[in-house]
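Pulled from Swiss-Prot:
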| type | residues | note |
| --- | --- | --- |
| BINDING | HIS72, HIS386 | Fe(II)-heme a binding site |
| BINDING | HIS249, TYR253, HIS298, HIS299 | Cu cation binding site |
| BINDING | HIS384 | heme a3 binding site |
| BINDING | HIS384 | Fe(II)-heme o binding site |
| TRANSMEM | 75-95 | transmembrane segment |
| TRANSMEM | 102-122 | transmembrane segment |
| TRANSMEM | 158-178 | transmembrane segment |
| TRANSMEM | 198-218 | transmembrane segment |
| TRANSMEM | 243-263 | transmembrane segment |
| TRANSMEM | 275-295 | transmembrane segment |
| TRANSMEM | 349-369 | transmembrane segment |
| TRANSMEM | 380-400 | transmembrane segment |
| TRANSMEM | 420-440 | transmembrane segment |
| TRANSMEM | 463-483 | transmembrane segment |
| TRANSMEM | 553-573 | transmembrane segment |
| TRANSMEM | 577-597 | transmembrane segment |
Amino acid sequence: MSTIARKKGVGAVLWDYLTTVDHKKIAHLYLISGGFFFLLGGLEALFIRIQLAKPNNDFLVGGLYNEVLTMHGTTMIFLAAMPLVFAFMNAVVPLQIGARDVAFPFLNALGFWMFFFGGLFLNCSWFLGGAPDAGWTSYASLSLDSKAHHGIDFYTLGLQISGFGTIMGAINFLVTIINMRAPGMTFMRMPMFTWATFVTSALILFAFPPLTVGLIFMMMDRLFGGNFFNPAAGGNTIIWEHLFWVFGHPEVYILVLPAFGIFSEIFATFSRKRLFGYSSMVFATVLIAFLGFMVWAHHMFTVGMGPIANAIFAVATMTIAVPTGVKIFNWLFTMWGGSIKFTTPMHYAVAFIPSFVMGGVTGVMLASAAADYQYHDSYFVVAHFHYVIVGGVVFALLAGTHYWWPKMFGRMLNETLGKITFWLFFIGFHLTFFIQHFLGLTGMPRRVFTYLPHQGWETGNLISTIGAFFIAAATVILLINIVVTTAKGEKVPGDAWGDGRTLEWAIASPPPVYNFAQTPLVRGLDAFWLEKMEGKKELTPAEPLGDIHMPNSSFLPFVIAFGLFVAAFGFTYHNDAGWGLPVAILGLLITLGSMFLRSVIDDHGFHIHKEEVLEL
């Protein structure tokens, strides 16, 4: 049986994506879902900025403002940035290491559907009484008091389901990169984006379990009468802060390290030279990940840990600036002496350096424990983390979208529209967040929904809101670009930019279902570039052409995740309604039954015969 033939019709395409285990199509699913949640989180941000545009505004007040604020942060971190990072990991990493798929294709699909249904469950709260309203960190002191509706319960269960999917993805990429690299691809010949994915997956493996434990504790307290965080019964709300931030700070690097990997690929490609200091970049990536687990309590300087603990975490936090600085200078030296081509991805890459450095500088300021008593819970902190997350991660996601779009879809996004998007986004970003440093320094606290006239915050907030509309305009133009490209964009060859250095650019755009007809032989770093420099148009094969084994599609990942989605509703309402417990049991039976079917039914996949490959 073969699935090489393109399927026609909306129904066939929909079924294909619902049942796919192909890493490239799963990348499309992550990209579409993450893009949707990015738009949703952006809309929530726009509502926040409209409310704060003038004093005593009543556009979005009180509890509703708290819900929108909470969902903005939660959506952007867990449901937009994370899946978009996973989209590029899925689309690119197997191609960069010369593999035909990931190690566990079924688990890859299950990971996506777990994320999707977790995010869907979380957003159902909007229509079922109210969304989470305790901030994206959902501190226990606020969450346990939020009993007016089930918003926090949607938060705890939705993030658990989504988090399980993320952990599955991390395990999958660790095994894939360790076991499935093409012959000759040693660890020190891997592209930087693959290195970033490898280290990030290890981070996820250790960072997400503490969050999962915290969410289980929170769920037990709220739904089953537990007292983990209830001081009146001997619990401690500070435990939640430690559990959350042991996850929360590594989460920054879970997002930023893949961004660094994307920029490393872009700088090398469009400077038309090898990445400067490759070995030091690898070690800096590993060191950042290691130090990332030693700094979580800098979020808690004002909690009362004492001067010794504060000093230790302050020094550890400042230390992370060293390997990050190594990366910044290596990118600059990569451009130095290069023949730079200023494409849309390169615009984002160059703009990232000053933007991210500004976020890093304010990070070192916040790392001073004594000074943090002034900065804490002010708009200075809001400005800082947006300079890091938007200036680092979102710039990288936009750069990666333009850079790998032709590889994923076979068509080039319009460069003129791309550069208009960039300039609007760049100007809007700095307009929105630069002024917020000064709002914070003049005393504006974060999370407030209004302020009085004559406090000196009117002008800054108005400028910030105007900047947000620039970002919105940039997003609209990006969507127009995608629609126009899909309708009539120019088709591209395998090496879409003409300067590709890594293996993904050596095959067709978009790649065939099997990726590589023959597993390539890797003879050095920047393997495709080496072949081109020797005048070869194709990679050197490491094996003769033969039949290719591929996994079958399966509907079970969708059903397993859907079962947990159903069960989550039952657990949420089991104290309020008689149907709660039966629905929870039904959902678990759907999930466990599907897992049983997966265990007992033999599925050996199928083969694509070499004659079919030759025809293509």
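We number each residue from 1, going along the chain as drawn.
Using the three backbone atoms N, Cα and C, a Cβ is placed for every residue, glycine included.
Cβ neighbour count for HIS298 (Cu cation binding site) (all protein chains, 10 Å cutoff from its Cβ): 22. For the Cu cation site, the Cβ centre of HIS249, TYR253, HIS298, HIS299 serves as reference, and the other residues of the chain with Cβ at most 8 Å from it are TRP245, GLY248, PRO250, VAL252, GLY292, VAL295, TRP296, THR317.
Segment contact holds for the transmembrane segment (420-440) and the transmembrane segment (349-369), given three or more CB pairs below 8 angstroms at sequence separation of 6 or more. For HIS72 (Fe(II)-heme a binding site), the count of additional Cβ atoms within 10 Å of its Cβ stands at 20 [all protein chains shown]. Distant neighbours of the transmembrane segment (463-483): 39, 42, 45-46, 49-50, 52-53, 398, 401, 413-414, 417-418, 420-422, 424-425, 427-433, 435-436, 439; these residues of the same chain sit at least 6 beyond its ends, with a Cβ under 8 Å from one of its Cβ atoms. The two recorded residues the residue listed as 'heme a3 binding site' and HIS299 (Cu cation binding site) have their Cα atoms spaced 13 Å from each other. For the pair HIS298 (Cu cation binding site) and HIS386 (Fe(II)-heme a binding site), the Cα-Cα distance reads 17 Å. All protein chains included, TYR253 (Cu cation binding site) registers 26 other Cβ atoms within 10 Å of its own Cβ.
Listed by sequence, the residues of this chain that lie at least six past the ends of the transmembrane segment (243-263) yet keep a Cβ under 8 A from its Cβ atoms are 77, 81-82, 85, 88-89, 137-139, 191-197, 199-200, 203-204, 206-208, 210-211, 213-214, 217, 285, 288-289, 292-293, 295-300, 327, 331, 349, 352, 388-389, 392-393, 395-397, 399-400, 403.
The stretch in 275-295, 380-400, 577-597 that contributes the largest number of Cβ pairs under 8 Å to the transmembrane segment (75-95) is 380-400.
Of all the binding-site residues listed (HIS299, HIS384, HIS386), HIS384 sits in the most crowded Cβ setting, with the most other Cβ atoms within 10 Å.
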